[in-house]
Each structure stands twice: as structure tokens, then as C-alpha cells.
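J.: Submitted below is the structure of interest, expressed as C-alpha cells.
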């Protein structure tokens, strides 16, 4: 990581990405990929049965999707980029170098998708009143939109799959090898029915919203959407099974540590339970909607919806989890340092090659021991400054100082109130990748391990949040830079 | 202070030959910026006419007609921005990401701010009739939308400007200090003035056609609407002839003056003068004749925008070229050290293994 380091000490850097990404996935799956085919099918059915009520309902559901996908949906999509490039510029920059054309193609599909949803929504009324051929054309537009939404997802899944398991890409840095990695198909197979089922549940909710109690159409609509949902629920289970039986192979290569396997078994068991619970609640509610639609309360739909959210969340977590400690499997660790760089950095230290230093704020200086002589004090400050730089470079992409997943929280739990001396902490950190397979090995030198220890000791007495480059800026390490007269003005 | 940082590059090859990436960047960025102009200008003009609509109802209808265009323009503006973002990510990796990190909070707040602006735009448009009785509130929403749309480009401009000047990076402490670098505000004025100008041309396009009666707004004659559009295009464009030179003069010196960039800006100015003249001629045309030169004006506008974009790219290249060389050398040196250390560690492991 040779960039100024953006850092959010309270929220934690990873939460910034997680919040944006999860919102995006939910909207993308539930309101676009799964919903567009359902809406087009409703419009088609309304046209075939010459029943305008289906048309009206389909349009209303589409309008909700339109409002949300073209605002929150589109912007969180861009937001994933923004946030990842703030938190982990090295990884996203590397990925873009490899996947430029995949992303470019995905962008063209995305442009098409946006044009189609604009056209589909904005021409609905006009083309419908023109009737006949125009209506058929409009329905086709709907199915085209559905197809392009799905293709967008299919491309993104390739990139996500690559990040977990780059397959043969490491030896042959080519684009297609990256795309055709072993987790691609199972993941896509899982997300497709999941999106459809999610859309079904959301649509049922909207049906209750847009129709009146006692209206016979309400029950027809509920029944139809229920059948849609029912058709996809078993596929979620089957593809889920396929996906998770493909994971261990991909994961073994990354971890190879028994603890990791244990954690995975844990995840796996949980996943099975959640998936089973989700599908059962879906089935129950759907049975209800089919056979006793009059008795279905709105609140009942919230339950399968929440369990789908839970399952999706749990499912997304595995991505994080399998690829730990890497951000790009076996190529780059989550601290943004390439595996190949380790030999050099562990020999010479990370500081020697760091372009920037992260200045200490006033508040961070509190808690320095009293009664030091002036030279002692400045030596102490220098050690803390260097220790902080080591921390920022090697730990801060995953840990905050005092906020979420905070280093002080972990140390408090492990060592309590006894002084966190460098002797105590350094020996743990040296072996931390064995203790916690989430973590990459410490990339710095032995001397830097001590410096980091000094800094952690300081953190015990100083609870100020660690500011990032976005507020305190950076200091350029003098020994590295060359001052050129032409650039001074 | 004021130390020049020389960071390392990503040690992976570019995904495509540089001219291809530059082409993607320039072409799609210009398309993006035109739609952004239409979106921001649309919001400003909507507010303006809605305020006039308080006294004269027909202006409220005109405001609605303009507001209706924002829905499509804003979606296209966003989606067209992604491609250039990809290209700038690869071409200016070190520069772009560093600038983003240094203004991080404002940079990431682009996402919620744009989302909010879009949601309010929908609210404003789709509840137009329902909010008739609450006119102040309705106009209040338009004011908020305008403020958001005026502020967001400033964040982008600040970043794009900051990225060109690594020698300033160690003095920047957050967005506002980056904002204070020379050239940001003149460039911002240059951009903002282009918004009503572009939207004025959009108005001409909307109301120009005679055959479609429903393309006018009740209470206005066709030529009045077209003339109003041309006025929006003409006056801000005239002011650009003052702002433009200020932008050029406040551009920090590059190590080597880019004569090519200056020549391109010069040609663009000449075309712009001709375009302004033609706009003025159109404004003075009567009745049926007005709108006759619209096609020519649009072509000239596109030419000006394309030339400005090219000139700006040439300048940018001239600005970062020397620093880029330093980065390249630094990266090479580093990669050699990496190789050497890996060989050493492999040897050490081998000899360690033999010793056992």
C-alpha cells in the first residue's frame, strides 16, 4: 500500500464497504434481477388474458423498482467502487488492470440495462394505449430488460469469484482464466433463484399494498406470485448445496490451517440451517397465500423476507471469509501487500519502502509518560510515530484503533489491564497468522515488530481515534523523495 | 514541507494500449459531462421558472416541462460516468487514488449526496400536481436539489485538480484545503456556466419542432420558447470568454509548456466565437425562421466541447509526465529489490534445509 491511507476509526473501513455493498446486492437481486422477469411475465399474462388489472399492478410494482434502482441501486453500485478504492486502492487497482475489459463489457450491459428500464417504464402508458403490436413490443422490452439485468449480475459474479479463488490466473495472468474460475457457475446458479425468490416475496408484499382487502383480484395475484416463488425456492437449496460443496476445494489452498477448516464447518452448518429455515418459512407463507389468501397478514411476509436477508448476508460473508487472509487469493493479502513483496519487506522493513507517514494528531499525543527528559521524550515520540506507521500499513485495513474490530478491544480481551508491553504483544503478532487464519503474516521486520509493540502500548493509555489521511493529511518520508527544484513553486 | 512524494505504481501491465484507454476516457467523459450539464442546468432552470411561475402560471408549466427531462438525463449522466472512471483508474492510478484518499470524506459523500438529490428530484417531479397547495415546500425541494447539484461537481473538480499536483499532497488536510488550491474555483465557474448553456440548447431542441403541437407549453408561442432557450445558451457562453482566459491563466505552469494544448484551446475559442455569433443571430430571427441554424450550433458546440476536452487532456499529460517518469523508475527499482530478496530468501531456505 503506497497511497495516503484513508481511515475510519469508529465505523471501521470494512463496514463502509459492507454497508454499501450489501445494500447494493439486495436492491440488485430483489428489485432488478429477480423482479424484472416477474413484472414482464405479469404484463404478458395481463395482455394474454385481456385483464387490465394485471397490467396496472405490474406497472405499479415496476414504478417502485424504477424509483429505487435508478437512485439507491445505481449509486450504491458506483459506491462499491468508491469505497473499495478508498479503503484498498491497491487491490481494486490490480483488479481493474486484470478485469478492465470485463468491467468495460459489464458497463456496456449496464448502459443497456439503464436505457431499457427507462424505456420500459416511461413508454408503458403510451405504448399500452396504442395497443396491439405496440403492447407486444413493450412486453418484449420487458423480457429484454430482464435478460440484461441477469447478464450484469453474471459478469459481476465472475469478478467476485475471481477474488476468492484466482484459479490458474497466478501462473498465467490472463483475463479468461480469471473469469473461468471454479466457483463461478455454482455461485451464479445460487444467486439466480435466490434473486427470483426474493423478488417474489417483495412482490407479494407490494400486492397487499396495492390491492384492497376483499378484492378477488388480490387473491389471484397473491396466488400467482406465490407460485412463482414456490418454483424457485427448491432451486435455492439445490444450487446452495452445489455452491458450498465447491467451496472447500477453493478454500483449502488459501488456508490450509485446521482452524480455518473448523471455522468453515461452523459457517457451513449455519448456512445449512439458515437456508433450510428460509425455505421452510417461504414454503409455509406461500402455502398460506395459495390456499388461505384471505387470512394472510402483511406482517407474515416480513418473516420470509427477513430470513432471505439473513441468508443473503450469511452467504455474502463467506466471500470475505474464504478469501481471508487474501484480498486477491494467493496474490495479494488483505493488508494490500503482495505475497511476493513479503521477502523484501520482512528483511528490510515496511517503513523503508513507505512513501508516506501518517502524522499523529494532538489528541494522539496524550498519555505519554511524564518525567521524561527532552531527548527521551523525542525518542519516545519517534518510536510511537514509527509504530503508528507500521500499524497503519500492516493492520489498519482490517482493524481500527478503538472502533469496530479494534486492536485495543482485542488486546483488552486477551491481556486485560496488565501493561501491553512490546514483549507481550510482539510475540503474539509474530505468530498471529497461526492463531487467527483470517490474518496475513506480519509483513515487517523484527525491529518493526517492536515499534508496533511500542505503539500498541501507547494505545492502552490513549483512547483518541486514529485519524486518516482525509483529515490530517500525510507527511512525505524525506529519505525516499527527491526534491526537484522544478516542482517547488 | 512541500516534499514531492514518489510512490510506486501497481506492478501489473495496462490492460490495453494507452491510446485506447485515452480514447475511452476522452470520448465517454465528454458524453458524461454533457449529460451532467443538462442535469444540473435542468435543475437550475426548473427552479428559476418555478419561481416565475408564482406570478404567471404558464411559467410553472414550463418548469414542469424542463423538470421532466431531468429524469432521463440524470440516469444517463451517472451511467456514462462509469466508463471514464474505469479509464482514469488505470491511466492515473497513483494520482487519482491519492487525491481521493486525501479528500476521502467528501469523496465518499458523493454517493449519498447524489442519491439524495435524485430521490428529491423524483419527489419534486412526480408529486408536482399533488404539491400544488404546498408551493413553498415544493419550491423548497427544488432549492435543495439545486444546492446539491451545485455542490457535487465541486467535489469532483477538487479531486481532479488535486491529482495533478503531487507536490501539494503533503500540505492538503481534507477537502477544504484541497479546494483552496489555485484553479479550482475558476474551473468550477467554467463548468457551472456551461450548465444553463447546454440546457438552453436542450430547450431549443424540445420546442423547435413545429409539427408537434404538444411539444409546446400552453401560453407560449413556439418562437418565444426557442428564443428563451437561445438566450440561456448565449449569455452564459459570452461570459465564458472572460472566465475561460482566467482558467487558462490560473493553470499551474507545467515543466514544459504544452504548445499543443494551447493551440487546441485557441482553436476551440475561435469556434466558440463563431458559435456565439450564430446564437445571437438566431435570437434576433423572427417567427418561423428561428431555429434554422440549430443543427449547425449543436455541431459547433460539440466541436468546442471535444476540443476543450482534448486540450485539457494534453495539459494533464504535460503536468504529470515528469512525475510519472520518477514513479516508473521508482517502481522498477522496487521490483528489482523484490526479486533479489526473493532469490535470497529461497537460497537461505535451501541452505537452511541442507544444514538440517
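Along the chain as shown, residues are numbered 1 onward.
Positions of Cβ are set from backbone N, Cα and C atoms, glycine also.
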J.: TrEMBL tags one of B:76-98, B:329-351 as transmembrane segment - which one?
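T.: Feature transmembrane segment in TrEMBL: residues B:76-98.
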J.: Please report, as numbers and ranges, the same-chain residues at least 6 past the borders of the transmembrane segment (B:76-98) whose CB is under 8 Å from any CB of it.
T.: 5, 7-10, 14-15, 18, 21-22, 24-25, 28-29, 31-32, 35-36, 38-39, 114, 159, 163-164, 166, 169, 320, 327
J.: At an 8 Å Cβ cut-off, counting only pairs 6 or more apart in sequence, do the transmembrane segment (B:185-207) and the transmembrane segment (B:20-49) clear the bar of 3 or more pairs?
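T.: In this chain the transmembrane segment (B:185-207) contacts the transmembrane segment (B:20-49) - 3 or more Cβ pairs sit under 8 Å.
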J.: Most CB pairs under 8 Å with the transmembrane segment (B:20-49): which of B:104-127, B:139-165, B:260-281?
T.: B:139-165
